[in-house]
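As structure tokens, the structure follows; a few thoughts come after it.
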Amino acid sequence: RLRSASSCGSPAVAAMAPRWAAAALPSAALLLLPLLLAVASAGLSGYFGTKSRYEEVNPHLLRDPLSLGPAAAGSRLPAACAPLQLRALLRHGTRYPTAGQIRRLGELHARLLRRPAAAAAGCPAAADLAAWQMWYEESLDGRLAPQGRRDMEHLARRLAARFPALFAARRRLVLASSSKHRCLQSGAAFRRGLGPSLSLGSDEVEVEVNDSLMRFFDHCAKFVALVEENDTAMCQVNAFKEGPEMRKVLEKVASALCLPVEELNADLVQVAFLACSYELAIKNVTSPWCSLFSEEDAKVLEYLNDLKQYWKRGYGYDINSRSSCILFQDIFQHLDKAVEESKSSKPISSPLIVQVGHAETLQPLLALMGFFKDDEPLKANNYVRQMHRKFRSGRIVPYAANLVFVLYHCDQVKTSKEEYQVQMLLNEKMMFFHHSNETISTYADLKDYYKDILENCHFKEECALPKVNITAVDEL
């Protein structure tokens with residue numbers, strides 16, 4: 001049986017950046033232009049879900065992309081602790097839309113272009129969007145954007161500045177990636193960000209393709225059959241698309257475009273909202289598509305995105321997170337090896353392990369570890385009650401999201417158990433461990449807390465399809 005969190009039940013316009021802004025600004029102020037443009041989209045930019053810029057979770061990077069930020073100041077360990085190993089799981093950087101999203105945006109844009117001139121005259125929003133150039137081509141299909149390369153290069157430099165002992169010259173870097181082009185390119189950009197002064201033994205570090213860890217979800221037959229390819233599993237998402245909150249947004253967008261509401265649906269409205277997000281993330285401009293939405297609309301559309309993430313990658317079904325135990329166990333196997341090598345006074349064979357995957361890699365892993373879990377499941381009919389939910393995908397897995405485990409060896413400790421300690425960072429901010437509510441844990445306590453997953457979560461068994469022929473998700 002595929003256990004679910006719940007069964008299915010019944011179900012301000014963003015300011016446009018003035019066109020004269022760059023010309024009217026004094027030259028010194030041009031340096032602040034990206035910040036001014038970001039402010040123009042500020043009413044919406046916090047609600048783009050998995051299409052959010054990394055700067056939404058670390059706003060200080062808008063001013064200085066190499067700044068470690070205020071969170072780094074209070075996170076230092078005692079001087080007697082030295083880092084032994086860093087394991088970083090990264091989501092790829094900012095990417096272009098997928099071919100499917102580009103097709104849907106093209107369909108919507110084509111409808112506006114086909115409108116009679118007389119009808120368009122009384123519809124300024126539609127006229128602005130008809131004049132917008134559809135520059136996306138299907139060949140871009142989710143590839144890494146130039147901004148995505150910068151995301152990775154800057155992240156590499158910040159991590160190197162924060163952990164200089166681990167990123168010192170001639171330290172070995174193990175770099176792995178999903179087979180997707182955007183991940184391979186992100187891995188290469190991360191390596192470039194370390195620069196020639198951090199040779200790590202070689203200027204050319206090979207990026208190993210490892211889909212079994214970075215795309216474990218593709219290799220989990222139970223997940224693929226019962227969630228990924230099963231429309232019934234997304235019943236909460238589909239119900240919300242037809243619900244009163246989305247209906248209100250749909251009618252408003254149809255009115256702004258002077259289109260019959262029957263010509264729009266939730267998917268087309270969502271792709272218009274994503275066009276706003278892509279223009280900001282890729283080009284750092286406020287798109288005319290943003291003018292269709294208020295902040296309240298953005299909250300509704302964020303919830304639609306979060307519902308999908310929750311039911312497909314988060315707490316909706318057990319298999320979503322259980323399928324990630326192969327990655328979770330691999331992390332601890334390498335930490336174990338580093339501890340053993342340290343105890344034997346051997347050099348740490350893998351002090352730096354950096355792996356590049358997807359939002360779909362990180363989200364299930366964080367769910368497996370119990371982070372960002374709300375008391376009540378996200379459902380189609382509890383939008384208002386979930387306004388202050390923990391599960392907000394844009395805060396958890398924006399572009400360039402990163403989950404980092406750092407293992408330390410500490411001298412001058414009272415007990416042998418305290419000799420090896422661990423910190424976890426999500427998007428460069430310290431995480432509080434569940435078992436201690438502290439930002440540092442002994443390695444022994446951490447392993448003990450996750451003992452059941454480490455010992456009893458077996459990927460092959462978890463992902464095996466039931467013997468009986470199941471065509472729908474149980475308990476929906």
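Indices start at 1 and increase along the chain as displayed.
Each residue, glycine too, has its Cβ placed from N, Cα and C.
Curation does not apply to TrEMBL; its annotations are automatic.
Here's what TrEMBL has on this protein:
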DISULFID  Cys81-Cys410  disulfide bond
DISULFID  Cys276-Cys290  disulfide bond
Inset, instruction - Express the distance between the Cα positions of Cys276 (disulfide bond) and Cys81 (disulfide bond) as a whole number of Å. - result: 46
Inset, instruction - Run through the Cβ atoms and count how many others sit within 10 Å of the one on Cys276 (disulfide bond). - result: 25
Inset, instruction - Measuring Cα to Cα, tell me the gap between Cys290 (disulfide bond) and Cys410 (disulfide bond) in whole angstrom. - result: 51
Inset, instruction - Mind telling me which of the disulfide-bonded residues Cys81, Cys290, Cys410 has the densest Cβ neighbourhood, counting other Cβ atoms within 10 Å? - result: Cys290
